[in-house]
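Peer 1: Below you'll find the structure I mean.
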Amino acid sequence: MGGVTFIGGGSFGTALAIMLAKKGHNVVIWDRNKEILEDINTLRTNTRYLPNNIIPCCVKAVDDIEKAAKESKYIVLAVPSFAIREVCRKIKGFLREDQIIISIAKGMEEETKKRLSEVVKEELYKNPVVVLSGPSHAEEVANDIPTTVVVTSTDMKYAEEVQDVFMTNSFRVYTNSDIVGVEIGGAVKNIIALASGIGDGIGYGDNTKAALMTRGMSEIMRIGVKLGGKPETFFGLTGMGDLIVTCTSMHSRNRKAGILIGRGMSCREACDKIGMVVEGVKACHTFYELKESLGVSMPITTSLYKVLFENGDPKKEVYELMARDKKNEYYF
């Protein structure tokens, strides 16, 4: 048994499916939305999430999740963070122990405050779990734009195996043994990207964006180290790299949602306008509660929480951030 199955037919999963099909892998996509599956099989494109790319004929879309789960050695969980536990429960009865589970979502489980790999391992405890993360917008991956990411696992032999599967001439994959740092960086950067987008929407300039990104990185490091991550991980691809691309790219849905909020929309209105999951919203709620319980300073996250969930005024929150007591830049 070989090949790669994607549980979820969103933009990033579809982009990776295209890339792997070009490499010669047999690829299967399952999604609960049958219109997506029909488009893939008949039009050879994902009209909803990645409409400008042709999907190779060796990619099959199926509506039978049992068939999809049994088809391949590598099972990629390509669904939003809130759906991870649900899809694990759907496929757990169909898996064999030699199948490797690959998580590509970025976030935390809101109710339990657990990292997504922890959630996967709880449900699929017989299977090895690998996390793939990094600065990798779907629109660029699908078009073979040079991209670098990281794979990590609690057992690095599985990360190295997945590294071999996903490596191409345009998609370079590094290994990193710090699974905690990799996942925390990928989750918290969405919070900072939302804040950065709000600054853009208000009309602030490059100075503000630079401040949000660098001070945001301090918040990522503080909470990440507190949760067990290594400081150096946050200066790598899944920390600084992912933060840069998410805060600056025209493809970033978190930044785009932030822009709309900065221009006067409510959080709900902005998310509805984007039409896809904005992971930074749930992440902000999760990490606001985490930093409160752990006693970690995260002022940008706190201000964003007030804007998203307490109808705070974005400009007032920026003023409050700027008016805080003076500090050393490197307080930890």
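For all residues, glycine too, the Cβ spot is worked out from N, Cα and C.
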Peer 1: To which of D98, D178, D242 does Swiss-Prot also attribute binding of sn-glycerol 3-phosphate at the site defined by K106, G134, S136, K189, S252, R253, N254?
Peer 2: D242
Peer 1: Report the candidate from A68, A138, A142 that shares the NADPH site with S11, F12, R32, K106, R253, V277, E279, as recorded in Swiss-Prot.
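Peer 2: Candidate listed by Swiss-Prot for the same site: A138.
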Peer 1: Hey, which of the recorded positions R32, K106, K189, R253 is the loneliest by Cβ count within 10 Å?
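Peer 2: So among R32, K106, K189, R253, the recorded positions given, the one with the fewest Cβ atoms within 10 Å is R32.
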Peer 1: Could you state the CA-to-CA distance between R32 (NADPH binding site) and N254 (sn-glycerol 3-phosphate binding site) to the nearest Å?
Peer 2: 24
Peer 1: Which of these binding-site residues is closest to K189 (active site, proton acceptor) if you go by CA atoms: F12, S136, D242?
Peer 2: D242
Peer 1: Just name the winner among F12, S136, D242 (the binding-site residues) by count of other CB atoms within 10 A of its CB.
Peer 2: D242
Peer 1: Using C-alpha atoms only, work out the spacing between V277 (NADPH binding site) and S252 (sn-glycerol 3-phosphate binding site) and round it to an integer in Å.
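Peer 2: Answer for this pair: 11 Å between alpha carbons.
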Peer 1: Cα of S11 (NADPH binding site) to Cα of S252 (sn-glycerol 3-phosphate binding site): how many Å, rounded?
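Peer 2: So the alpha carbons of S11 (NADPH binding site) and S252 (sn-glycerol 3-phosphate binding site) sit roughly 12 Å from each other.
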